[in-house]
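The transmembrane segment annotation in TrEMBL covers 7-30, 50-66, 101-132, 144-165, 186-204, 216-240, 261-280, 300-320, 327-343, 349-367, 374-397.
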Amino acid sequence: MKLRLQLVLTLYGIILGTLVAVIAFLFLRLVNFLIYLVWDAGASLFGDPVFWPILICTLGGVFVGLSRKYIGPYPREMNEVMGEFHANGRVSYQGKLWRNLVAALIVLMFGASLGPEAALVSICAGLVTWVGDKLHFTYQQRDALIEFGIGALLSIIFASPLFGIASTQEGEANNNISKKLHIQKIIIYFFSVSAGFLVFYYLLQLNDGPSPFANLGSATISWPELLLLIPLLLAGKYFGKVYGLFETGITFATRKIQSKPIMLAVSGGLILGVFAFFLPNMLYSGEHGVGEIAKEYDSMSIYLLLAIGFAKLFVTRICLGTGWRGGHIFPIIFASIAVGFALTKILPADPIFIVAIFATASCAVILKKPLAAAFLLALFFPFQLWLFIVVAAYLAVYRPKRVSAS
């Protein structure tokens, strides 16, 4: 990469990081305002009825179904967008930006157990591609800017600077990229993410927004913790596999109504509402619920924590399987941490260590990206656990090579 091109891309990267931060902030503010209208102002208007979750989630299913029928399968899932980007070096945007926005707002305002990352990645990647087309960027420039934009966005949303680059790079073939070019791209990415972080958290402070950081506390490491490392890793791994089993079961159970989007979405909304009636944690992504669980787990029974964790995993899969489209990263983190705290009730070891290893293994299995999972979970836990988190993430997805008989 020539010096002039690197300087140009660095400048555009800084501008892009700033733009992405503003878009993410405005989108999240709009989502929170709509949630307030539906769940706080609306409930107060009708006297705070106890059945409000069932009513609203079922009603939400009607709107989600209508959106799916007349707008299409939006918002696009993050894996779809990333797959298109890596395959074509761009993300199509004609007629899709408003569809992603409207569909995402409907899903999130009615309390789906999903996160905003899917919609934001779709919207921002499309906008960056559009800018690249209008400014007549070369393929290389546009490819780099989309990559920086997606990486910066993911880093901002999940408050993890390295998660974005791991998500965009991990698992992709980069054999044709030289080491020098790779380092240059990381430098540009650093400036892009730094600009985005500064702007996003400045806007949060101006508006008294909640911090996305939820440090779960300090930890100690001794022989009991080390002896439990592998058992915890295996427990987290198989909890992650439960997510796939839920997907298979829900796909089978809904196979006859997949062609009926309204009925499908209403059934999903009804199930979400019933679960939320008994367990309010089922609503929303769980982003801010992690800190609450960490503060209250001492007073919660193991059965309640297990119920919250498994139910969150199930409800998230129900949403995705019935047309309520969105991101699943925040919900699986919340579910994994809840079950991790349940294990602290029966295991004689440091509770934060238990949660860290269990949750990391679970998320690595579900995301299928160990480095991204490690970067994502690391900021929840103290520095002395980071090495264990990275090891747990890679061991959870490790598959020994089979030796063929000669």
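The backbone N, Cα and C atoms fix where each Cβ goes, and this holds for glycine too.
Keep in mind that TrEMBL annotations are predicted by a computer and have not been checked by a curator.
Fair warning: this is a prediction, and the values are worked out from it, not measured in the lab.
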Which range wins on Cβ pairs under 8 Å with the transmembrane segment (374-397): 50-66, 186-204, 300-320, 327-343?
327-343
Taking contact to mean three or more C-beta pairs under 8 angstroms, with sequence separation of 6 or more, is the transmembrane segment (327-343) in contact with the transmembrane segment (7-30)?
no
Stretch among 7-30, 50-66, 186-204, 216-240 sharing the most Cβ pairs under 8 Å with the transmembrane segment (261-280):
50-66
Selection from 7-30, 50-66, 186-204, 349-367, the stretch that has most Cβ pairs under 8 A to the transmembrane segment (216-240):
349-367
Within-chain partners of the transmembrane segment (50-66) [C-beta distance under 8 Å, separation at least 6 from its ends]:
38-39, 42-43, 106-107, 109-112, 261-270, 272-274, 276-277, 280, 283, 322-324
Within-chain partners of the transmembrane segment (7-30) [C-beta distance under 8 Å, separation at least 6 from its ends]:
1, 101, 105, 116, 119-120, 123-124, 127-128, 141, 144-145, 148-149, 152-153, 156-157, 187-189, 191-200, 203-204, 207, 209
